[in-house]
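S.K.: Quick one: this structure, given as structure tokens, is what I'll be asking you about.
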Amino acid sequence: MPGERPIIALDFPSFDEVKLFLSLFPAEEKLYVKVGMELYYAQGPDIVRYIKGLGHHVFLDLKLHDIPNTVYAAMRVLKQLDIDMTTVQAAGGVEMLRAAREGLGQGPTLIAVTQLTSTSEQQMREDQNIQSSLLASVLHYARGAAKAQLDGVVCSAQEVEAIKAVTPPGFVCLSPGIRPKGSAVGDQKRVMTPAQARTIGSDYIVVGRPITQAEDPVAAYHMIKAEWAG
């Protein structure tokens, strides 16, 4: 399994909060963390350099969506940060996805966001004017990502089996919206537990608040890691 560790979403706005959170873990414990829009836009590339300097893996989740030339140029810049994984929006189309792949090169894992796990089928139809089923939309985007030579997609764990059936072997499915049993769902609509995601075939999972807002984040992380590992 590529992602033997759950990816921790560092949903903090400040450098100090990130430093404090990471300091809770022993220096020898190497984590896989997600730097999203809030943290990256607040702190810039230095936050990625700091985390990489500690020896952790970084998933830079910026969901780029622009004309192909702009995305290509942006990926060439992000490549210099030695990130391990990053994202683009599948809705940008195959040409944009190919430009992202070319700009980033073959080192970091490049995955496309299909439909957000906070999006319901009704919302998709009303807000995006997509009249197919939610699953059909996700599969359409997954096929496009595979056609553009991306490594995989971001998707709900509920969609993993169907995606694996229509994409090449080794195509990665990263699943956010993961909540341990008994945790608050929050703004997520399509959720699963770590064990369910493992059973259904997710390659990576992303967990934020159940770890970062836990009374004991280290204990919460290891509990989720154990459940994910089976």
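Residue numbers in this text run from 1 along the chain shown.
Backbone N, Cα and C atoms are what each Cβ position is placed from, and that goes for glycine too.
Sequence annotations record features per position, and here TrEMBL assigns active site, for OMPdecase activity to D61, K63, D66. Here TrEMBL flags K63 as active site, proton donor. What TrEMBL lists as substrate binding site is D11, K34, 61-70, T117, R179, Q188, 208-209. As annotated by TrEMBL, domain 'Orotidine 5'-phosphate decarboxylase' applies to 5-224.
I'm curious about the neighbourhood of these features; can you describe it?
M.R.: Its Cβ taken as reference, D61 (active site, for OMPdecase activity) is surrounded by 22 other Cβ atoms within 10 Å in the chains shown.
K63 (active site, for OMPdecase activity) falls within a strand segment according to DSSP.
With a cut-off of 8 Å between CB atoms and residues at least 6 apart in sequence, the same chain places M37, T87, V88, Q89, V113 near K63 (active site, for OMPdecase activity), listed in sequence order.
Counting only residues at least six positions away in the same chain, the Cβ atoms of A74, G92, M96 sit under 8 Å from the Cβ of D66 (active site, for OMPdecase activity).
Within the same chain, residues at least six positions away from G208 (substrate binding site) with a Cβ under 8 Å of its Cβ are I8, A9, D11, K34. Following the DSSP three-state reduction, the secondary structure of G208 (substrate binding site) is coil.
Mean pLDDT for the domain 'Orotidine 5'-phosphate decarboxylase' (5-224) in the predicted structure: 93.
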S.K.: Would you mind checking how many other C-beta atoms are within 10 angstroms of the C-beta on D11 (substrate binding site)?
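M.R.: There are 16 such Cβ atoms around D11 (substrate binding site).
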